[in-house]
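If you look up Swiss-Prot, you'll see Cys75-Cys90, Cys82-Cys95, Cys89-Cys110 marked as disulfide bond, on the strength of similarity to another entry. Summarising the annotation, Swiss-Prot assigns signal peptide to 1-21.
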Amino acid sequence: MNTVRVTFLLVFVLAVSLGQADKDENRMEMQKKTEQGKSYLDFAENLLLQKLEELEAKLLEEDSEESRNSRQKRCIGEGVPCDENDPRCCSGLVCLKPTLHGIWYKSYYCYKK
């Protein structure tokens, strides 16, 4: 009975020690693979970042050109009600409260300066 226990104990110790060695080797292999993967991901990330920066530069360039050439957009003409806090009267007009006619509307209108 003692020989069976000793044999079992010996086999158990060998299995555990060999299993640990395999586990350490597997760990080292996984670390190598993840390091290689990280370097690839870093490269891909940098490449994507460069492309996005180029695209952003092109878009900003187009926006600046558009703003230089653009006309005034959607404005309110003379005699049209406007908002006191957000006047969108066309150039040369001011958002004012009416003096005589239209006082009963309690609204502001676009008038010439």
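Cβ coordinates are placed from backbone N, Cα and C, and glycine is handled just like the others.
On the structure: features taken from Swiss-Prot.
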| residue | record | DSSP (3 states) |
| --- | --- | --- |
| Cys75 | disulfide bond | coil |
| Cys82 | disulfide bond | strand |
| Cys89 | disulfide bond | strand |
| Cys95 | disulfide bond | strand |
| Cys110 | disulfide bond | strand |
I'd like the Cβ neighbour count for Cys110 (disulfide bond), meaning other Cβ atoms within 10 Å of its Cβ, all protein chains included. 21
Lowest local Cβ density among Cys75, Cys82, Cys89, Cys90, Cys95, which the record lists as disulfide-bonded residues, within 10 Å: Cys90
Compare the Cα of Cys82 (disulfide bond) against each of the disulfide-bonded residues Cys75, Cys90, Cys110 and report the nearest. Cys110
Whole-Å Cα distance, Cys89 (disulfide bond) to Cys95 (disulfide bond), is 7
How far is it from Cys90 (disulfide bond) to Cys110 (disulfide bond), counting Cα to Cα, in Å? 8
